[in-house]
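Worksheet: one structure, shown below.
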């Protein structure tokens, strides 16, 4: 793809996201979501591989259905209340339809089936966009409408997402699919808290974006698409592999790394809101995710392939690591000590 095309699509993604997160009117928010969808499709399908075309088709169909439901929900609400304002969503049917639409947009269980397939058909950089930037507008809409949505539905979806995200990631061998199930699991944590503390859900999303970007960019710089490739990259970039180990453990939520902060705050808030049972369940379910993160980390740094066939080792890379990767990984590891400052800002 030529630079002009990339620039147009990057500007369109920026425009679509900005339009949705800054609008008060449902039609403007819907327009932003549509611009985003249309801008990412050529990026998904640019390799012209059958799997990429299939991923783009699946993405288009799911997002089109979700956008139609957003529009239907807002029109139903406007019909009954005369309000097109996003924060004035009060009709029960509209709230239910919007919950379904945003769950489809985000890839929350039970509307998650498209996400791992689409991520597997995309490149790592496009996968990063799908896991972070494309989730921002729906999360913002969820944030704005959270007082109107039913906490019980969101909590059910959240616990199912954490369970299935962890469970289905256990036997994967493709790094993109593992990160897709990781994303579903993290969305569960955001969905469970958004009805009680929307700001905490946004903080979780920001930190998740930070850590996921660090992992995706690290994997992209060592060109690791499968676990078998990841096992031989220690000869190519040993220092980056060591940092990748710590970033994956941060994504798993181990203290004293950054990823522990949102989980700690969410469990604390859920306990304050007297839903300690849900907090216990989702904390236990995060152990499933910890298992496959440890598996990734083990493959990246600790072991050779566990069989006797010869593997071609990669040449040592003498090029310096991308500055963006360095900054993101540092932030993914070291933000926990300054959590009081982060909470004061949020």
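Keep in mind that glycine also has a Cβ here, set from the backbone N, Cα and C atoms.
Remember, TrEMBL labels are computer predictions, not curated facts.
Since this is a predicted model, take the numbers as computed values, not measurements.
Among the features that TrEMBL reports, domain 'NADH:quinone oxidoreductase/Mrp antiporter transmembrane' is placed at 23-288.
Taken from TrEMBL, the feature domain 'NADH dehydrogenase subunit 2 C-terminal' covers 290-343.
Feature annotation from TrEMBL assigns transmembrane segment to 96-115 (among others).
Within its own chain, the transmembrane segment (124-146) has Cβ neighbours under 8 Å at 13, 16-17, 20-21, 29, 32-33, 36, 40, 43-44, 59, 70, 86-87, 89, 95, 98, 102, 105-106, 115, 118, 176, 179-180, 183, 187, 190-191, 194-195, 198, 201-202, 205, 208-209, 212-213, 216-217, 219-220, 225, counting only residues six or more beyond its boundaries. Residues or ranges marked as transmembrane segment in TrEMBL: 124-146 (among others).
Per TrEMBL, the feature transmembrane segment maps to 152-171 (among others).
Outside the transmembrane segment (178-197), and at least 6 residues removed from its termini, the chain residues within Cβ reach (under 8 Å) are 106-109, 112, 115-116, 119-120, 127, 131, 135, 139, 142-143, 146, 149-151, 154-155, 157-166, 168-169, 172, 204-205, 208, 212, 215-216, 251, 262-263, 266, 269-270, 273, 275, 278, 282, 285-286, 288-289, 292-293, 296. For 178-197 (among others), the entry in TrEMBL reads transmembrane segment.
Among the features that TrEMBL reports, transmembrane segment is placed at 203-222 (among others).
With a threshold of 8 Å between CB atoms, the same-chain residues lying at least 6 positions outside the transmembrane segment (243-265) that come near it are 182, 189, 200, 203-204, 207-208, 210-212, 214-215, 218-219, 222, 283, 286, 289-290, 293-294, 296-297, 300-301, 329, 331-337, 339, 342-343. Per TrEMBL, transmembrane segment is recorded for 243-265 (among others).
Per TrEMBL, the feature transmembrane segment maps to 277-304 (among others).
The transmembrane segment annotation in TrEMBL covers 325-345 (among others). Residues 203, 207, 210-211, 213-214, 217-218, 221, 240, 243-244, 246-247, 250-251, 255-261, 265 of the same chain lie 6+ residues outside the transmembrane segment (325-345) yet bring a C-beta within less than 8 angstroms of a C-beta in it.
Panel annotation: around the transmembrane segment (152-171), residues 96, 99, 103, 108-110, 112, 116, 177-178, 181-192, 194-195, 275, 278, 281-282, 285-289, 291-292 of the same chain, lying at least six beyond its termini, place a Cβ under 8 Å from a Cβ of the stretch. Long-range contacts of the transmembrane segment (277-304) within the same chain, counting only residues at least 6 positions beyond its ends with a Cβ under 8 Å from a Cβ of the stretch, are 155, 158-159, 162-163, 165-167, 169-170, 172, 175, 178, 181-182, 185, 188-189, 192, 227, 230-234, 241-242, 244-245, 248-249, 251-254, 263, 266-267, 270-271, 311. Along the domain 'NADH dehydrogenase subunit 2 C-terminal' (290-343), the predicted structure has mean pLDDT 76.
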